[in-house]
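Structure, as structure tokens:
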Amino acid sequence: MLGPAVLGLSLWALLHPGTGAPLCLSQQLRMKGDYVLGGLFPLGEAEEAGLRSRTRPSSPVCTRFSSNGLLWALAMKMAVEEINNKSDLLPGLRLGYDLFDTCSEPVVAMKPSLVFLAKAGSRDIAAYCNYTQYQPRVLAVIGPHSSELAMVTGKFFSFFLMPQVSYGASMELLSARETFPSFFRTVPSDRVQLTAAAELLQEFGWNWVAALGSDDEYGRQGLSIFSALAAARGICIAHEGLVPLPRADDSRLGKVQDVLHQVNQSSVQVVLLFASVHAAHALFNYSISSRLSPKVWVASEAWLTSDLVMGLPGMAQMGTVLGFLQRGAQLHEFPQYVKTHLALAADPAFCSALGEREQGLEEDVVGQRCPQCDCITLQNVSAGLNHHQTFSVYAAVYSVAQALHNTLQCNASGCPAQDPVKPWQLLENMYNLTFHAGGLMLRFDSSGNVDMEYDLKLWVWQGSVPRLHDVGRFNGSLRTERLKIRWHTSDNQKPVSRCSRQCQEGQVRRVKGFHSCCYDCVDCEAGSYRQNPDDIACTFCGQDEWSPERSTRCFRRRSRFLAWGEPAVLLLLLLLSLALGLVLAALGLFIHHRDSPLVQASGGPLACFGLVCLGLVCLSVLLFPGQPSPARCLAQQPLSHLPLTGCLSTLFLQAAEIFVESELPLSWADRLSGCLRGPWAWLVVLLAMLVEVALCTWYLVAFPPEVVTDWHMLPTEALVHCRTRSWVSFGLAHATNATLAFLCFLGTFLVRSQPGRYNRARGLTFAMLAYFITWVSFVPLLANVQVVLRPAVQMGALLLCVLGILAAFHLPRCYLLMWQPGLNTPEFFLGGGPGDAQGRNDGDTGNQGKHE
């Protein structure tokens, strides 16, 4: 703690601030301790002219003052004093500090780095084969602030395995443990920040962007990381370039100017600028003078809070600025700490109280530490009192203190006495270290990084200077508050930065040129769908699925077959009822009048058998509707053809009898007529049916029909049907019936009817005509109709065939039986005498044939 005298002086200084006399702030950048921490801070900036004209290994002059660098140095000073005043981390020990100016230049930063590594109490770095017992002047180094400097000092300190904790260097390359084994940082790596930036672009649908980076290691590596992250998220970089540093030659300046003109003339509305402060300042300075149209600028952390960039005249017209800023704990006591020390530094009594001290050995090497720090006021530094990076400095000091606590095995009573800790011994306890700072628990991962949240910041202009407003947060995933964002557009609408419009539902991208973000939208055809919004090709549905045009999903195919409830089937069932009813009615009449001349002339029992066969044909129709099964497919053709063969064989016997009686001589007629009735007639029927059985058996064995599911016939359904494997065998199965029908037609077509007798030939002729018309029409209709309706076509053909035979042959006889019974005589049907009801059945077949 500060002593009572110092506290009194502090109170006096606050009540009676200095009157502009030189401060003694530069004298407070060094303090002795048991263990000393080195500090590298950008207290000033070197003149560009001095850097360009440097021809000797001398240091450039640092003239310009950096308020942020001084505040960060004071944050380290405050953290060390806090630790010394506590009794939990290093009880009984005091930390010291040795803070130097880097001038934001590697050339300048190397000198204090050499001082840090000099042997304690000297300015020399001796050459040894083994530095295990080497004790440098400092135990660890806090800083530097930039990746450019850390790349230089990091390798240097890593050779001696001296822990170095940066509070601002964020390059991903510094995570390489092989190259930088002793490097740590209290800020996340650039990869985290760039991941957040890529998520931001994806969140707002910006996939056509420009990416610019400063022409240094920081910018080049940042662009490389962003390119990979953008490609993985489908973000296209339309224009890419490096922004030269202020001292670059004209050729490099011309290249970035060309890139800016291309961006201005293209549809790109979003620019990622991953650059250092000076490069960003140079870029915006040129953009303002060139009147670049307003864009959305995604800023890197390096220039997002830069007063140098914010204060550019005309910067408000450059558009919307968004960027991610590391979130740390608030150091509420820090502003008061700064005010107190500035007031004390302005008090002559306090400066005198510091006492006379010897000039440090390093003063001859690096010169006065910060002469410009003795000429500032509170107003010069007030803008950066709440700078986000201040906490990173504070946390860096606490990380080293915690590692030293662990190395010394300190406890509440103190730290056990032992030999001074070497830097490499401290380093062993830095890996995967967990420590507390400002109420937060932090941890170094295996690469020496800490995991911290980012706040999404928006520049909101208030007068000539923007203020940073929180509009989101990133902690592995992005959360934005869109309503808080004020866009630069006139209607405050989110800018659109796309090469092509967003494809609609069910459309995929057909890429044009080299960029995947430039494309035409193509509709997905039926049977395919768009799986993801970024698809470049439609995904085909499975064979059991279907989809309409421009679909985003597939639907399960429903099985399609000739169902019982379909209108065509219901109509055919009505037709079946009619046909079956007529068959049963005719059969009943024939059985009732079985001994009458009309029934005997029609064949008697054979006529009844023919009607039974027609009834079975009607019933076989019921095998066609419904879901196909292997048994149904095998039974359909035989069970429909065999009964029809039985019916046609009885009609063939009628036709043969008529032909024999009408066209052959009486001797032949008498001999053959007996064979066409009685047992021989049944033998003919049996032979015909056996032939049909043989053909059907061959059809079923050689080419058995099978149940198949056709996934392509119907657009939205799976067609389940009985597939005919051979249409030739299918036709041969009809051969017996066709032959019988043809013989019937030939036997009756040219037969002359006798006056006064019933014309039996005419009915048979028209019955066969009905058969042929039905089945001849069936062939082209079956070939052209949809497969799902083919069973209905065959059902219709069978029923029409039955109805044709009934209408032409049986129904006229039923009409005579019911309404003209007077014609039911032997003379009219059989040609016998009055009362001869049996006619030819009495054995007088030959003579009756002659009377006909």
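The backbone N, Cα and C atoms fix where each Cβ goes, glycine too.
What Swiss-Prot records for 1-20 is signal peptide.
The annotation topological domain 'Extracellular' is assigned in Swiss-Prot to 21-570 (among others) on the grounds of sequence analysis.
The Cβ neighbour count for N85 (N-linked glycosylation site), using a 10 Å radius and every protein chain shown, is 10. Among the features that Swiss-Prot reports, N-linked glycosylation site is placed at N85 (among others).
According to DSSP, N130 (N-linked glycosylation site) is assigned to coil rather than to any helix or strand. Taking a C-beta cut-off of under 8 angstroms and a sequence separation of 6 or more, N130 (N-linked glycosylation site) has no same-chain neighbours. Look at Swiss-Prot and you will find N130 (among others) tagged as N-linked glycosylation site.
Marked as N-linked glycosylation site by Swiss-Prot on the basis of sequence analysis: N264 (among others). Shown in sequence order, S290, L292, S293 are the residues of the chain, 6+ apart in sequence, with a C-beta less than 8 angstroms from the C-beta of N264 (N-linked glycosylation site).
Listed in sequence order, L312 are the same-chain residues six or more apart from N285 (N-linked glycosylation site) with CB atoms under 8 A from its CB. Annotation note: N285 (N-linked glycosylation site) sits in a helical segment as assigned by DSSP. Annotation source Swiss-Prot lists N-linked glycosylation site at N285 (among others).
For N380 (among others), the entry in Swiss-Prot reads N-linked glycosylation site, with the evidence type sequence analysis. Other Cβ atoms within 10 Å of the Cβ of N380 (N-linked glycosylation site) number 13 in total over all chains. In the three-state DSSP scheme, N380 (N-linked glycosylation site) is classed as helix.
Residues annotated as N-linked glycosylation site in Swiss-Prot, with sequence analysis given as evidence: N411 (among others). Proximity of N411 (N-linked glycosylation site) to non-local residues of its own chain (separation of 6 or more, Cβ distance below 8 Å) is seen for P91, given in sequence order. Under the three-state DSSP scheme, N411 (N-linked glycosylation site) falls in the strand class.
Under the DSSP three-state reduction, N432 (N-linked glycosylation site) is assigned to coil, being neither helix nor strand. Cβ contacts within 10 Å of N432 (N-linked glycosylation site), excluding its own Cβ and spanning all protein chains shown: 10. The feature N-linked glycosylation site is assigned by Swiss-Prot to N432 (among others), with sequence analysis given as support.
Non-local contacts of N475 (N-linked glycosylation site) by the CB criterion (under 8 A, 6+ apart in sequence, same chain) comprise E453, Y454. According to its DSSP assignment, N475 (N-linked glycosylation site) is coil. According to Swiss-Prot, the N-linked glycosylation site annotation covers N475 (among others).
What Swiss-Prot records for 571-591 (among others) is transmembrane segment, and it gives sequence analysis as the kind of evidence. Counting only same-chain residues 6+ beyond the ends of the transmembrane segment (571-591), those with a CB under 8 A from a CB of the stretch are 599, 602, 607-608, 611-612, 614-615, 618-619, 621-622, 625, 792, 795-796, 799, 802-803, 806, 810-811, 813-814, 817-818.
Swiss-Prot lists 592-603 (among others) with the feature topological domain 'Cytoplasmic', giving sequence analysis as the kind of evidence.
According to Swiss-Prot, the transmembrane segment annotation covers 604-624 (among others). Below 8 angstroms of C-beta separation, residues 562, 572, 576, 579-580, 583-584, 586-587, 590-591, 594, 632, 635-636, 639-640, 643-647, 650-651, 653, 681-682, 685, 791-792, 794-795, 798-799, 801-802, 805-806, 810, 841 of the same chain, each at least six residues beyond the ends of the transmembrane segment (604-624), sit close to that stretch.
Per Swiss-Prot, topological domain 'Extracellular' is recorded for 625-639 (among others), and the stated evidence type is sequence analysis. Helix first, then strand, then coil: DSSP counts for the topological domain 'Extracellular' (625-639) stand at 10 helix, 0 strand, 5 coil.
Below 8 angstroms of C-beta separation, residues 602-603, 606-607, 609-617, 620-621, 623, 668-669, 672-673, 676-677, 681, 684-685, 688-689, 691-693, 696, 733-734, 736-737, 740-741, 743-745, 747-748, 751, 760-761, 764, 767-768, 771, 794, 798, 801, 805, 809, 849 of the same chain, each at least six residues beyond the ends of the transmembrane segment (640-660), sit close to that stretch. If you look up Swiss-Prot, you'll see 640-660 (among others) marked as transmembrane segment, on the strength of sequence analysis.
Annotation source Swiss-Prot lists topological domain 'Cytoplasmic' at 661-682 (among others).
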What average pLDDT is reported by the model for the topological domain 'Extracellular' (21-570)?
88
Using DSSP, what's the helix, strand and coil tally for the topological domain 'Extracellular' (704-729)?
3 helix, 12 strand, 11 coil
Helix, strand and coil residues within the topological domain 'Cytoplasmic' (592-603) as assigned by DSSP:
6 helix, 0 strand, 6 coil
Alpha-carbon distance [N380 (N-linked glycosylation site); N432 (N-linked glycosylation site)] in Å:
39
C-alpha spacing of N85 (N-linked glycosylation site) relative to N380 (N-linked glycosylation site), in angstrom:
29
Report, as numbers and ranges, every residue of the chain located at least six residues beyond the topological domain 'Extracellular' (704-729) whose Cβ falls under 8 Å of a Cβ in that stretch; write 'none' if there are none.
526-527, 543-544, 546, 555, 557-561, 627-630, 632-634, 636-637, 698, 786-788, 790-791
Same-chain Cβ contacts of the topological domain 'Extracellular' (625-639) under 8 Å, 6 or more residues past its ends?
559, 561-564, 566, 569, 572, 616, 693, 696, 699-700, 704-707, 720-722, 730, 733, 791-792, 794-795
Going by DSSP, give the three-state secondary structure for N264 (N-linked glycosylation site).
helix
